[in-house]
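A quick write-up on the structure given underneath.
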Amino acid sequence: MSAQKTPAARGNGRFALLVAVLAVSVVASTWLAVSIGAVHVALPQAWAIVADRLVPGLVPRTWTPVHEQIVWQFRLPRALLALLVGAGLAVVGAVLQALVRNPLADPFLLGISSGASFGAVVVFIMGASALGGLSLSAAAFAGALLALALVYVLAQRSGRLTPSRLVLAGVALAYLFQAAYSFVLQQAQSGRAAQQVLFWLMGSLGGARWEMLPLPSVVLAAGLTYLLLQHRPLNALSAGEETAVSLGVNVHRLRITLFVLTSLLVGVLVATSGAVAFVGLIVPHAARLLVGADHRRMLPVTALLGAAFLQLVDVAARMVVAPQELALSIVTALFGVPFFLWLLRRRSVDRAVTVT
Amino acid sequence: MRLDVAGVSVSLDGRPIVHEADLRVDDREFVALVGPNGCGKSTLLRTIYRALRPSAGLISVDGDDVHRLPWRESARRTAVVAQETPAELDFTVWEVVLMGRTPYGRDAAADEERCARALDRVGLAGAEDRVYATLSGGEKQRALIARALVQETRLLLLDEPTSNLDVRHQLEILHLARELGVATLAVLHDLNQAAAFCDRLYVMSSGRIVAGGPPGEVLTPELISQVYGVRAVRRTQLVFERLKDESEP
């Protein structure tokens with residue numbers, strides 16, 4: 001037994017390799033995203049432009065100012081936002097799946113995305129004054145938090161939270177919030193604004209600018225750090241509430257923290273890019289297939305996988321019907337729905353759903 | 001190590017389930033809690049491990065009110081093997097056992113040592129990388145006992161640990177629990193088994209503890225007919241025992 005490597009040690013090499021491969025794909029897909037578009041910028045040139053911006057004078061200038069503007073002002077912030085949104089939504093999905101012990105949980109299922117969209121739509125259509133001067137991000141966050149708080153209260157029964165009630169309450173509230181923002185949209189004065197909002201609701205990174213990046217970066221970095229530090233309580237919680245309690249986890253406090261954290265993340269991300277569907281559902285499952293359920297490994301893999309996935313999705317969204325763009329949710333659904341159906345056919349899901 | 005339950009009442013959804021229960025478990029003692037379905041025995045057990053709060057009364061482990069201890073501290077004193085099986089999310093056996101270290105600070109090397117030893121002890125050495133959900137019922141219970149072992153508590157609570165198992169695996173699990181040598185409170189529903197394994201037992205009925213003591217004194221035909229509404233008859237019948245040679249882990 002002692003000469004043999006322990007299971008944890010056996011997995012470490014594989015995990016490190018996987019993280020390295022994923023990190024390379026994140027960089028590669030971003031590079032691709034910066035190069036591809038209506039105006040093609042050769043890969044080496046795209047690289048040179050970015051390098052020159054980071055360290056001026058590092059490479060001889062061989063590009064036109066137009067190319068520089070396209071790469072630096074439009075494509076790079078958009079590509080970086082894609083990484084943040086992909087990683088963030090995927091991590092939120094992973095946390096929610098642990099929280100409600102339901103493999104089908106994602107920000108949509110629990111009404112959080114709809115709540116965030118509602119907040120954003122109100123500010124979008126009716127102006128910031130409608131919600132007392134809240135910014136778009138703040139309104140989306142408030143909407144997300146409101147949705148989660150309502151779900152949380154509705155799903156409680158004598159102080160206990162059952163996953164099945166949580167999901168049912170979430171689904172019901174998602175419809176309510178959708179009805180609410182549809183109403184606001186219908187009442188909108190300008191049909192054009194309404195159409196813009198509808199497109200944005202289905203997910204679009206078209207509005208990405210540099211100044212949109214710091215807030216989601218900080219929230220995601222802080223959230224991910226916290227979650228990684230809490231990987232053991234998270235594992236215990238995903239094994240069941242009573243198990244977590246018997247292992248010394250303050251379940252009530254952990255749940256509240258996770259609720260606030262996920263709504264903060266969803267709010268911030270929805271404010272930048274609308275509600276992108278399916279990333280939060282499928283990416284955590286893919287990560288679990290690769291490294292198992294232990295959050296210490298699963299969370300970093302989920303984040304990297306989500307980032308690379310949404311980057312490629314955005315490239316596809318820009319390219320497929322160029323010069324028009326597809327909404328991101330259309331592309332993610334194209335991958336997401338088959339994956340979802342495949343997931344439904346797996347035996348373990350059947351069991352998990354009936355248990356909850 | 002000593003568990004004291006004094007005057008504990010528990011309500012669920014405003015409905016009283018347990019009324020003023022008193023019981024105690026002394027160091028290294030194996031105590032069973034029996035009673036008909038719905039009598040409140042599992043509810044009482046869950047209150048002891050803090051899944052529920054009592055509406056009245058005091059539960060103390062080693063003299064401290066369990067419900068006032070920091071969560072980690074109570075988990076360092078009390079481990080649970082329940083029916084509720086974790087891991088719809090594809091944890092491996094190793095990961096499930098390692099969860100037993102949740103209430104402690106991390107020490108990777110020592111923790112791996114502990115897990116390996118615990119798995120060895122429950123006869124699951126070599127099954128580390130198997131996915132918990134794919135184990136048989138008996139193996140799952142053994143993995144959970146291994147988890148309780150690495151939790152290094154001196155009180156073990158068992159909530160119908162054998163209810164899904166065949167008779168051989170039932171005996172195996174109960175023997176395993178007994179041999180751990182820690183104070184144990186086990187909710188069991190098989191009276192014969194309870195009588196065979198415990199030092200003392202408590203009988204619950206309609207939320208109240210109606211009798212307690214050594215099984216020979218407590219399990220009288222009168223009490224059983226009163227509590228379970230069945231006639232108990234002593235007669236010669238098959239008694240199941242483990243075959244020592246083949247199933248020793």
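Count begins at 1; order follows the chain as displayed.
Cβ coordinates are placed from backbone N, Cα and C, and glycine is handled just like the others.
As stated in TrEMBL, the feature transmembrane segment covers range A:108-128 out of the listed A:24-44, A:108-128, A:192-212. Below 8 angstroms of C-beta separation, residues 103-104, 199, 202-205, 273-279, 281-282, 285-286, 310, 313-314, 316-317, 320 of the same chain, each at least six residues beyond the ends of the transmembrane segment (A:326-344), sit close to that stretch. When each of A:134-154, A:166-184, A:256-287 is scored by its Cβ pairs under 8 Å to the transmembrane segment (A:75-96), the top-ranked stretch turns out to be A:256-287. With a threshold of 8 Å between CB atoms, the same-chain residues lying at least 6 positions outside the transmembrane segment (A:256-287) that come near it are 81, 84-86, 88-97, 99, 103-109, 112-117, 119-120, 135-145, 147-149, 152, 200-205, 207-208, 212, 215-216, 219-220, 223, 226-227, 298, 301-302, 305-306, 309-310, 327-329, 332-333, 335-337, 339-340, 343.
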